[in-house]
Amino acid sequence: MQTENSKTFERRSCPVVKECGGCQIQHLSYQKQIEMKQKQVETLLNKFCKVKDIIAMDYPYYYRNKIHATFDTDRKGKAISGIYQAGTHKVVSVDSCLLHDQRADNIIVSIREMLRSFKIRTYNEDTRNGLLRHVLIRTGYNSKQIMVVLVLASHVFPSRKNFIKALMKKHPEITTVVLNVNNKKTSMVLGQREQVLYGKGFIEDTLCEKVFRISPKSFYQVNPVQTDLLYNKAIELASFQGNETIIDAYCGIGTIGLIASDHVKKVIGVELNRDAVKDAINNAKRNNVKNVYFHNEDAGDFMIKMAREKQSVDAVIMDPPRAGSTEAFLRALTSINPKKVVYISCNPVTLKRDLESLVKKGYQVQRIVPVDMFPGTSHVECIALMSRTDK
Ligand code: SAH
């Protein structure tokens with residue numbers, strides 16, 4: 001298999017690739033990486049139908065729109081910032097990561113350089129002293145907006161005004177700054193408490209011609225270039241006629257459902273995370289979409305309820321987390337009896353398990369398309385289209 005663009009860019013290497021461990025296959029050429037992913041998906045899923053060629057990325061670097069740096073101090077007492085070594089709490093110093101939006105990495109370096117003059121100490125996980133724990137940055141690929149979230153161990157942030165002023169002077173491209181307080185002994189990055197220090201407290205970005213609001217905690221796909229291709233492909237595979245009622249299960253902030261809303265009569269979105277559903281409702285308003293209804297519920301419970309009420313839908317789009325769906329969800333899905341199921345998965349192993357279950361329940365896998373959402377890493381996304389076999 002060949003990708004058209006695989007030879008048109010200069011290959012880059014990372015000096016800490018081994019120490020960091022975040023990029024499991026960065027040592028391979030991009031061509032080799034996608035061949036490996038293609039093979040992995042084929043080995044698992046070819047038994048259902050012949051897997052299509054992977055949708056590779058034109059330029060497989062600097063794609064991440066969500067960047068998280070942890071702050072610490074080295075043995076000489078100097079502030080460092082970077083990435084946790086895979087599986088540990090040791091911070092590997094990284095100034096420029098091959099996956100990160102470079103605008104974000106530049107801001108992180110600036111923040112680190114400002115710490116001394118503002119007498120801000122980095123947080124120590126063992127002694128629980130110090131202030132700055134993490135910096136989270138979210139960037140809008142199309143909108144160019146940038147949100148900086150300063151995660152501090154305390155809400156007491158001396159000279160915060162001057163700090164923000166100095167940061168904005170260095171980086172006028174930043175559109176909002178949020179203070180997040182995390183004073184717990186936890187490996188979670190963000191704490192509960194938030195305060196907007198500058199701007200609106202969220203960014204917006206355009207995806208498949210719709211605008212989405214992204215808050216510090218919202219789930220949003222991290223590779224905007226490939227997400228555009230992924231969602232367009234999913235909708236193309238569904239080949240909607242315009243009069244369908246569909247379910248967008250595990251809908252997050254409503255992205256897929258809102259994008260699909262132009263192509264169908266009605267979309268019913270279901271999502272467990274309350275904040276995400278709030279964002280989804282806002283996103284519907286923001287885009288003036290009137291045929292989408294969001295429910296804040298466990299997707300399995302929701303499907304069971306729909307099945308019990310003998311409601312039917314024409315298609316289900318589902319995009320569960322890595323663990324995949326549940327047997328209860330899949331059983332209820334077959335009672336609702338959609339003609340088509342479009343399954344978007346970030347884990348081909350659980351996708352295989354769930355496809356096997358749906359095949360036993362009377363569905364046939366029509367198409368499987370892998371998409372490389374995470375170049376440099378071993379993760380691979382897939383879209384599977386299934387249709388009901390009419391007995
Ligand atoms: N489709 C969205 C989000 C996919 S991520 C997008 O592409 O942006 C998976 C989503 O499933 C997350 O938002 C997570 O909160 C949600 N989720 C996890 N378990 C769930 C459950 N049992 N019921 C409903 N939603 C769930």
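Cβ coordinates come from backbone N, Cα and C, glycine included.
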Residue in D298, D301, D314, D319 which TrEMBL records at the S-adenosyl-L-methionine site where Q221, Y250, E271 also bind: D319
Integer Cα-Cα distance in angstrom, C346 (active site) to Q221 (S-adenosyl-L-methionine binding site): 11
Cβ-Cβ neighbours of E271 (S-adenosyl-L-methionine binding site) (radius 10 Å): 26
Neighbourhood of ligand 1 - recorded positions from Y250, E271, D319, C346 with Cβ under 6 Å: Y250, E271, D319
Cβ neighbours of Y250 (S-adenosyl-L-methionine binding site) where a neighbour is any other Cβ within 10 Å: 21
Residues within 8 Å of the Q221, Y250, E271, D319 Cβ centre (excluding the S-adenosyl-L-methionine site residues themselves): F219, D248, A249, C251, G252, T255, I256, P320, P321, I344
Binding residues Q221, Y250, E271, D319 (S-adenosyl-L-methionine) - maximum C-alpha distance in whole Å: 15
Per DSSP, three-state class assigned to Q221 (S-adenosyl-L-methionine binding site): coil
